[in-house]
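Trainee: Take this structure, written in structure tokens, and hold onto it; I'll ask about it next.
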Amino acid sequence: MNEEGCVPHNSDVVKQKSIDQRAPLSGEPKCVICSRYGEYICDETNDDVCSLECKQALLRRVDSARVFPATDECFYVRDPGSSSHDAQLLRRKLDIHVQGQGSAVPPPVLTFTSCGLPPKLLLNLETAGYDFPTPIQMQAIPAALTGKSLLASADTGSGKTASFLVPIISRCTTYHSEHPSDQRRNPLAMVLAPTRELCVQVEDQAKMLGKGLPFKTALVVGGDPMSGQLYRIQQGVELIIGTPGRVVDLLSKHTIELDNIMTFVLDEVDCMLQRGFRDQVMQIFQALSQPQVLLFSATISREVEKVGGSLAKEIILVSIGNPNKPNKAVNQLAIWVDAKQKKQKLFDILRSQNHFKPPAVVYVSSRVGADLLANAITVVTGVKALSIHGEKPMKERRDVMGSFLGGEVPVLVSTGVLGRGVDLLVVRQVIVFDMPSTIKEYIHVIGRASRMGEKGTAIVFVNEDDRNLFPDLVAALKSSGAAIPKELINLTSREMHNKKRRVGY
């Protein structure tokens, strides 16, 4: 043992930083924190570590485990009158699918009062209009309240945000009631989301549900001064909500106490991976002390499942319906229109009282295209339209959203910045002007036309430029009983025939 409290496997020179350590060779011990070569053994825990930095991180985890309830210490109390058979029947009726941990997964609840939530939180839910939980909330909330890690999937607009905010607020409230002398007010939970708009929305909902409780939030996104965000955290908050890039930037420049984080949430995790945030997410996670992990997404891919497995050893999978198929509440109308005719077709729709159902969102593929099309709509049709995309300043984006959601502007032209997560409560029509690059993104985009199962319409422009999506698009249209343009059928059949010839059928 040396003076730093580490027993070296080989050398007596103790490395200070994890980055200074090499990767392990076959058969060599691995650091329990970062998986680099576990050159040393921590005296206090007898675990392999690679450096003093990782030893300190390990000891913080141990201290955190002494302070906080174990994951088996439930905030949710199972109804003694319910049986596993009753739970199976209810799940079958509501199309709820659960995998992992078997009987450890609590049954779905039919009311929020069944979850053992603080009375003030129940009142806030009622005031906010949450009369009864949605299917994803019925299963995800009690599962999350047990402290187990969770990967949950449901249609866009199905209430996923409350599915993680309710457990977070409940756990934070319980923690403060059990530790009244703790005046530090260090963060107890963190939510990461892929866009600034979604982060703003999550914080708004968190403030509404946490009103009157010992629950404060900090919004950490680009476009706002970092100094104000840092000051807010230093004043004491329970929940940090931010985009991965901004949170990494904040942590790299300032010391933020994250050892008390009990719950770590990734919202719209598939979108986060698509945007290349995986490394930043992992960097943030490694700064935490083994929190409960909650992942939410409208679609589930192998990559999403892989990320879930890397963040939590054991994870419960909860899905409502088929997470990779279009929302059945959205009526899809596919229109074959050549690229040069798309603008005129859009103008015709917006002029038609039969086809235009404002307020509507028009999705395009480029930021410049969004600005130009919004201006053209206003000039040509007389229908006021605004655009929104990632290049606009945060204040302007907030003003645009306020005008649209407030009913001042009937048409919003958007890039994929609004394709994920953001609640567009007033929208019942989506026009897909430019097809997304993947069918999963298409499913997200048209899902904006429905909220909480209410009927909506998605008008989709299709032409030969979208050839790579034809088979998946036909399947998506068929799954909801939508009519398929004959041009799309003919070209899809021809593509399949040529493919068979190429592979030797």
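These residue numbers are counts, starting from 1, taken along the chain as shown.
Just so it is clear, glycine is given a Cβ too, placed from its N, Cα and C backbone atoms.
Okay, so Swiss-Prot annotates it like this:
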- Ala154, Asp155, Thr156, Gly157, Ser158, Gly159, Lys160, Thr161: ATP binding site (BINDING)
- 141-318: domain 'Helicase ATP-binding' (DOMAIN)
- 342-492: domain 'Helicase C-terminal' (DOMAIN)
- 110-138: motif 'Q motif' (MOTIF)
- 267-270: motif 'DEAD box' (MOTIF)
- 27-56: zinc finger (ZN_FING)
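On this model, are these features tucked inside or out on the surface, and what's nearby?
Mentor: According to DSSP, Thr161 (ATP binding site) sits within a helical segment.
Across all of the domain 'Helicase ATP-binding' (141-318), the predicted model scores a mean pLDDT of 90.
Sequence-remote contacts of a segment are chain residues at least 6 beyond its ends whose Cβ falls under 8 Å from one of its Cβ atoms, and for the motif 'DEAD box' (267-270) they are 160-161, 164, 191-194, 198, 202, 295-301, 303-304, 307-308, 420-421, 440.
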Trainee: For a quick check of packing: other C-beta atoms within 10 Å of the C-beta of Gly159 (ATP binding site), how many?
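Mentor: There are 22 such Cβ atoms around Gly159 (ATP binding site).
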Trainee: Counting every protein chain present, what is the number of Cβ atoms, excluding its own, within 10 Å of the Cβ of Lys160 (ATP binding site)?
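Mentor: Around the Cβ of Lys160 (ATP binding site), 25 other Cβ atoms lie within 10 Å.
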Trainee: Counting each residue once, how many in the motif 'Q motif' (110-138) are helix, strand and coil under DSSP?
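Mentor: The breakdown for the motif 'Q motif' (110-138) reads 17 helix, 0 strand, 12 coil.
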